[in-house]
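These notes concern the structure reproduced below.
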Amino acid sequence: MKNSIYGLTIEQLKDWFVENGQKKYRAEQVWDWLYIKRVTEFSEMKNLSKDCIELLENSFAIRTLDQAVKQESSDGTIKFLFRLQDGNLIETVLMRFKYGNSVCVTTQVGCNIGCSFCASGLLKKSRDLNAGEIVEQIMQVQAHFDAEQKEERVSHIVVMGIGEPFDNYTNLMDFLHVVNSQKGLAIGARHITVSTSGIVPKIYDYADEGLQVNLAISIHAPTNELRSRIMKINKAYPVEKLMDSIDYYLEKSNRRITFEYIMLRDVNDHVEEANKLAKLLENKRHLSYVNLIPYNSVDEHDQYQQSTPEAISAFYDALKKKGINCGVRHEQGADIDAACGQLRSKQIKKEKKPATV
Ligand code: SAH
Ligand code: SF4
């Protein structure tokens with residue numbers, strides 16, 4: 001099985017060509033075919049010699065994902081389920097906004113963090129995606145636009161699909177460099193957001209990268225007691241350690257950070273928690289934005305329900321009163337298994353069922 005060439009940054013591809021006795025500038029030619037003209041066969045790369053095409057064909061694939069399911073919602077959201085070369089399934093979601101087209105990508109097959117409310121964590125991680133498989137999700141969605149001959153492009157990316165991106169750090173970084181490169185898709189760093197459950201050592205590493213890519217932290221609770229109950233990662237990286245790493249990131253980047261807060265009915269949605277959250281963020285108010293997320297219920301986690309609109313609005317008001325920037329995330333694709341990991345777990349169940357006649 002060959003990996004996709006999409007996984008190489010332009011620098012890595014230049015080095016690869018040199019190691020293989022070719023000229024460096026071949027990398028720029030190949031990138032133009034891949035990301036500007038967007039061909040899917042090496043043989044279509046007309047300005048390369050036969051030898052060079054053969055070398056590429058023997059070493060890499062371009063496409064490695066097979067579209068298994070495509071669900072379109074009435075609000076324009078499209079959910080893609082892709083089968084990887086090894087048979088595993090992953091999800092990618094296209095969301096349409098006034099400001100552009102945003103794609104939510106998956107970084108791992110399953111997730112080991114095991115948050116108690118999440119559909120992705122139901123299935124243990126079987127492997128990390130390689131960088132090519134992450135980039136290809138974007139290319140497949142872009143191909144959907146290209147096939148419809150629309151002049152549309154993927155303009156935004158959220159790394160919020162299945163998996164914990166900071167548990168697949170090197171591939172994540174390569175992915176970010178590929179999609180952000182001016183020579184390729186040129187998706188602006190400020191249009192990309194990476195979400196983490198709070199792997200503290202990686203937050204320090206990420207701060208040191210000096211990227212302009214946005215960071216979102218899944219905070220979900222303001223105290224160790226409550227956070228550990230719903231996210232067991234909090235036992236390894238408790239709130240105060242997490243906050244220290246965030247302070248370091250803010251100091252280094254001076255960029256605004258987003259805190260995601262899932263609203264779970266009667267669990268973390270009281271005004272008392274809003275006040276505690278406001279206190280926690282007090283010293284970084286000017287660089288914080290709290291995104292309140294209505295919970296998408298998951299069949300296997302029936303102990304959790306979505307908060308009532310009244311509770312969400314009271315929580316929001318309490319944060320605002322304390323001067324915290326916040327908003328309520330608008331639900332996308334409500335009619336199509338939109339919650340993180342849901343489509344995948346349903347499809348896996350379907351495939352496991354014995355065939356009925
Ligand atoms: N593993 C990373 C990124 C993927 S999850 C993380 O946890 O941050 C992206 C976001 O979706 C996280 O904030 C996560 O808590 C949230 N999420 C997971 N399951 C959800 C559900 N059923 N409803 C709403 N949001 C959910
Ligand atoms: Fe993994 Fe994120 Fe789901 Fe937690 S919320 S189980 S970290 S994907």
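Cβ coordinates come from backbone N, Cα and C, glycine included.
Predicted automatically and left uncurated, TrEMBL annotations should be read as such.
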- Item | Per TrEMBL, member of SER181, SER195, SER313 binding S-adenosyl-L-methionine alongside GLY163, GLU164, SER218, ILE219, HIS220, ASN296 | SER195
- Shortest C-alpha distance to CYS115 ([4Fe-4S] cluster binding site) - which of the recorded positions GLU91, ILE219, ASN296: ILE219
- Would you mind checking how many other C-beta atoms are within 10 angstroms of the C-beta on ILE219 (S-adenosyl-L-methionine binding site)? 26
- Among the binding-site residues CYS111, CYS115, which residue has the largest number of other Cβ atoms within 10 Å of its own Cβ? CYS111
- Item | Rounded Cα separation (Å) that holds between HIS220 (S-adenosyl-L-methionine binding site) and CYS118 ([4Fe-4S] cluster binding site) | 12
